[in-house]
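Heads up: the structure comes next, in structure tokens.
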């Protein structure tokens, strides 16, 4: 059977080549429901606003040329502190951005009254260590670097018998930046233990408002890496988050205000942001344990005063424990209730979640389908 070919011009059938057939359309028959791209899925970027200066004469003491405190922005959650609390009560030093020079990147900067951040060259500067009274060096280095005994400033310190007797050397060795999140608590404990190692027995490290209490003779620590801008800066930011109870963005701004050359790439920001809920959970557990210990001590003192009477007799009421799901099912069984109710209540969360189709038919395609159905 021979089929006559129809001439085609510009993508459409030529006139007279089949008048009953509709012209071919070049418009797509579908379009995306939501915008999309061919890129690899990635989390949203974490934007850290640059530290700005507060033009407030009260904060500057009314003296011309004095350094102005930093504005660390609004707190991201209820546990963070405001900028005024950070500046007034936690010992954060004012910004040095106005005095920053390119050569300052080769020096160490004082981030907190007891914490310094800088490159390895600053850790080998014996005159600087003696002048600032730094007695603990923490090197943040790669495992390969540690295996070849690089970034070991203690060899330089050993040349001075006085500094050798006073300065202690520690290191945080990781195979990659992702392992830093497991080293943050270790480094923070080293800094805190050295900060309070000369404190008298029974010294309370935290004020009632949760802010740190400075000991009379604090031990000073220098955290360093090759450049003092990457790994060591991340360790310092993690310590600041825990020490003054702030967010990752605020900690980065604190460091940028003192050492302007630090470099926090996206992966390091994600790492610090992921560590934030971890230390917050640990802090909440510690606070709960402290509250339980205080309640137990108060109960013992009451028993010593009123004798070994029961809580009902002494007027004390204990905290009621939470009900478990087993107790709820036991109540249903005892009362002869319907077991399907918890399931129905849980299923209500998933109502009206049909989803969205990635593509939908265009208007022209829908009209052509209607014509076919009508024909």
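Yeah, the Cβs are placed from backbone N, Cα and C, and that goes for glycine too.
Keep in mind it's a predicted model, so treat the numbers as computed, not measured.
Here TrEMBL gives region 'Disordered' for one range in the set 308-341, 342-375: that range is 308-341. For the domain 'Tyrosine-protein phosphatase' (107-278), the model gives a mean pLDDT of 90. Residues in the compositional bias 'Pro residues' (41-52) partition by DSSP class (helix H, G, I; strand E, B; coil) as 0 helix, 1 strand, 11 coil.
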